[in-house]
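Trainee: Dropping a structure here in structure tokens format, bear with me for questions.
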Amino acid sequence: MTIRPRFVVLSAAVAASVLAAGITMIGTADAASTLGASAAQSGRYFGAAIAAGKLSNSTYTGILNREFNSVTPENEMKWDATEPSQGSFNYSGGDRILSQGQSMGAKVRGHALLWYQQEPGWAQSMSGTALRNAMMNHVTQVATHYKGKIYAWDVVNEAFADGGSGGRRDSNLQRTGNDWIEAAFKAARAADPNAKLCYNDYNTDGVNAKSTGIYNMVKDFKARGVPIDCVGFQSHLGTSIPGDYQSNLQRFAALGVDVQITELDVAQGGNQANIYATVTRACLAVSRCTGITVWGIRDSDSWRTGENPLLFDNSGNKKAAYTSVLNALNAAGPTNPTTSPTTGPTTGPTTPPAGGGGCTASTSLNSWNGGYVATVRVAAGASAVNGWTVSLTLPSGSALTSVWSATNTGTTGAVSFRNVSYNGQIAAGGYTEFGFQGTGTGPAATPACQVG
Ligand code: G2I
């Protein structure tokens with residue numbers, strides 16, 4: 001007796017809201033009204049660096065919960081925070097950020113496993129084999145603690161020198177041997193095979209000596225099968241942006257890695273709103289640019305004191321830069337409009353046709369003698385996908401050695417890959433990607449995709 005009247009009331013409320021939504025839709029096409037929702041229209045995220053100590057501020061968390069679908073800990077997962085004394089780990093701040101991200105259904109970017117700054121005091125005074133062992137233990141322990149929960153890790157941060165050398169920055173980490181970066185990536189992959197593993201740096205906003213040094217490292221890693229999935233472009237920008245910002249992203253994407261804008265902020269002095277829009281459009285134009293993170297929420301939260309470089313003012317009001325980013329995201333429409341990279345070692349179609357409901361999958365291979373890395377794009381058709389499984393058959397002699405952003409069944413012959421927690425939902429017309437590494441020759445045929 002009580003259920004029936006409630007049902008009627010609910011139906012009326014739903015009908016009213018559908019009607020209201022329908023009226024709102026007229027003239028606004030598919031525009032979404034928050035950064036996260038508008039980025040999600042093309043399968044991307046829009047994130048913010050956040051600080052655990054600010055989560056009790058209701059203005060701060062109000063904006064965070066409303067606008068963003070990815071979070072990065074500004075300091076809480078760094079070495080000094082997570083391993084304050086050797087072998088003794090403290091995850092309180094990092095876990096606080098993680099649970100905030102999980103409560104929002106957001107992606108969580110891990111930042112940063114190894115960085116020459118913010119080393120704990122005990123590590124600063126170490127060198128040689130003792131330091132190398134401590135570094136690798138740190139990577140293994142922290143990546144294991146957060147296993148399965150991190151979308152992408154900045155495994156190594158800021159290891160390249162500024163200026164014209166294109167070489168490595170001197171540090172006690174670097175002095176343990178030039179192979180410290182690849183050793184860190186291998187340790188991270190072993191600890192958390194589902195996290196995307198990124199190299200992250202600044203002053204890489206166009207084609208320059210520093211970005212080219214990093215490009216050459218990534219190319220070498222891909223050629224030798226060192227696990228690397230993404231490159232982070234911090235994008236701490238002043239009053240201008242290099243004209244080749246987008247083509248620089250594109251040349252990295254063509255190596256077979258994702259690219260992400262990881263710490264965006266722009267000085268307010270000049271064309272702040274235009275520069276923000278230019279960065280946003282560049283990411284949208286590069287199919288492997290998976291998302292953008294701004295380095296803080298309000299101007300008062302920024303590390304760049306006095307430059308007012310963010311999207312919200314000190315009171316939490318939206319700035320002109322906010323509107324320009326939102327408009328740029330919405331201009332991209334509900335599907336990813338971009339074409340995949342056509343140069344470099346990535347081959348095969350990367351944007352499969354996906355008519356009707358269901359899902360489709362396609363594979364890009366980066367092969368070398370004796371092994372390969374496969375990137376598989378899973379695309380939704382005309383309806384949103386909630387959970388997916390991709391099946392394929394590996395050629396004889398091929399075996400999986402690692403899988404990321406999916407969970408596999410089987411390692412040889414007929415194998416299948418199931419979504420993980422953060423990439424099961426794909427918007428209509430959108431896509432997600434996972435990958436695997438194997439021995440022998442990679443799969444040639446188009447994989448099958450099943451929803452549910
Ligand atoms: O420096 C800007 C960013 C450059 N790329 C890597 C990022 O990790 C880096 O972030 C900043 C944080 O935004 C700051 O909040 O890294 C700084 C450290 O180099 C952070 O500043 C530090 C202060 O220097 C410390 O005094 C303070 O204890 O933040 C700490 C925690 O509040």
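The backbone N, Cα and C atoms fix where each Cβ goes, glycine too.
Features from TrEMBL:
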| type | residues | note |
| --- | --- | --- |
| ACT_SITE | Glu263 | active site, nucleophile |
| COMPBIAS | 331-349 | compositional bias 'Low complexity' |
| DOMAIN | 29-328 | domain 'GH10' |
| DOMAIN | 352-452 | domain 'CBM2' |
| REGION | 331-359 | region 'Disordered' |
| SIGNAL | 1-20 | signal peptide |
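Show me how these features fit into the structure around them.
Mentor: DSSP assigns Glu263 (active site, nucleophile) to a strand segment in the three-state reduction.
Note on the domain 'CBM2' (352-452): DSSP counts are 0 helix, 56 strand, 45 coil.
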Trainee: Enter the number of other CB atoms within 10 angstroms of the CB of Glu263 (active site, nucleophile).
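Mentor: The Cβ of Glu263 (active site, nucleophile) has 25 Cβ neighbours within 10 Å.
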Trainee: Can you check how the pLDDT averages out over the domain 'CBM2' (352-452)?
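Mentor: Taking every residue of the domain 'CBM2' (352-452) together, the mean pLDDT is 85.
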